[in-house]
């Protein structure tokens, strides 16, 4: 009577992939809701008895490349989740009880690398553009972060090329350095983006409580979106360094791509909340019943038109009966983007009243 085959423990191999796929599926569901919210044609018209200002949320008024970017990201995010689900299905269902096959590398396990790289490139480029606008076109800040973004994509392509040649997990040590490099550059890039955005926003405080509350809200959004991806990338790097012979790092690697997509969608969808907040603050200070709208149609994120003065402050004017120095503006084409204008003459040339 033959003995039953002894299965190896799968906790830190297929089990790690299983946890990552489950978490990834949950985050994919969140990205579905956020994508629906972005493309929703429903309108929100908050108004009060004290103001005639009406805020309208309508995705069709957003920049066309924003809509294309969100659509592409959602498709890539879905394909990425399908690939990882396929990996899990093959190991646990199709090849069930086939111990020898656990050493084989499924094609979708390698194919997802290029999808993850594209998602990272798109999202990080989006935040890189935010840095370019918010820093008033600071070439040094953009260059440093940009090098990390391009480096991550380049290393990911090299990793994908070499991983495609690997057929069994016994050969994975041959590309371990590349895998470690991908995680290292990703962690460095995410941290650099988050820190740079927060630093720029922190320096933009004006000293006015109402306008500073908006800046604090922007900082909070940057913390929530930036450091989630940074922590996940760091955990992926730490686990692959400490445990190179198992797949614990894949749990974080799978989730990272999903966090990228959700961070960008959260940033775009958060604009309406900032608009309502700006509207409430503006009205509570007894402002006039009109607002300035910038003519800029190209800014896909929170943008700043540089001031003529040497001050580094991000100016938000608030029209009151006694003071007129800051003005919170609503972008006409990027409906919930926050654009801030510094000089009074510069604002007059670039804006028109509702």
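Residue numbers in this text run from 1 along the chain shown.
Glycine residues also receive a Cβ, built from the backbone N, Cα and C atoms like all the rest.
The domain 'DUF6534' annotation in TrEMBL covers 186-272.
Per TrEMBL, the feature transmembrane segment maps to 15-39 (among others). Panel annotation: around the transmembrane segment (15-39), residues 59, 67, 70, 74, 77-78, 80-81, 84-85, 87-88, 91-92, 246-255, 257-259, 261-262, 265-266, 268-269 of the same chain, lying at least six beyond its termini, place a Cβ under 8 Å from a Cβ of the stretch.
The transmembrane segment annotation in TrEMBL covers 68-93 (among others).
Sequence annotations record features per position, and here TrEMBL assigns transmembrane segment to 105-127 (among others).
Among the features that TrEMBL reports, transmembrane segment is placed at 139-161 (among others).
Annotated transmembrane segment per TrEMBL: 181-202 (among others), in sequence order.
Look at TrEMBL and you will find 223-243 (among others) tagged as transmembrane segment.
According to TrEMBL, the transmembrane segment annotation covers 249-268 (among others).
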Residue numbers, six or more beyond the limits of the transmembrane segment (223-243), whose CB comes under 8 Å of its CB atoms: 12, 127, 179-180, 183-184, 186-187, 190-191, 193-195, 197-198, 249, 251-253, 255-256, 259-260, 263-264, 266-267
Same-chain residues near the transmembrane segment (68-93), Cβ under 8 Å, at least 6 residues beyond its ends: 14, 17-18, 20-21, 24-25, 28, 31-32, 35, 38-39, 101-102, 106, 108-109, 111-112, 115-116, 118-119, 122-123, 126, 254, 257-258, 261, 264-265, 268, 300
Paired segments the transmembrane segment (249-268) and the transmembrane segment (105-127) in contact, 3+ CB pairs under 8 A: yes
For the transmembrane segment (105-127), distant same-chain residues with Cβ under 8 A (at least six beyond the ends): 69, 72-73, 76-77, 79-80, 83-84, 86-87, 90-91, 149, 152-153, 156-157, 159-160, 163-164, 166-169, 186, 189-190, 193, 197, 226, 253, 256-257, 260-261, 263-264, 267, 300-301
Taken over the domain 'DUF6534' (186-272), the model's mean pLDDT: 85
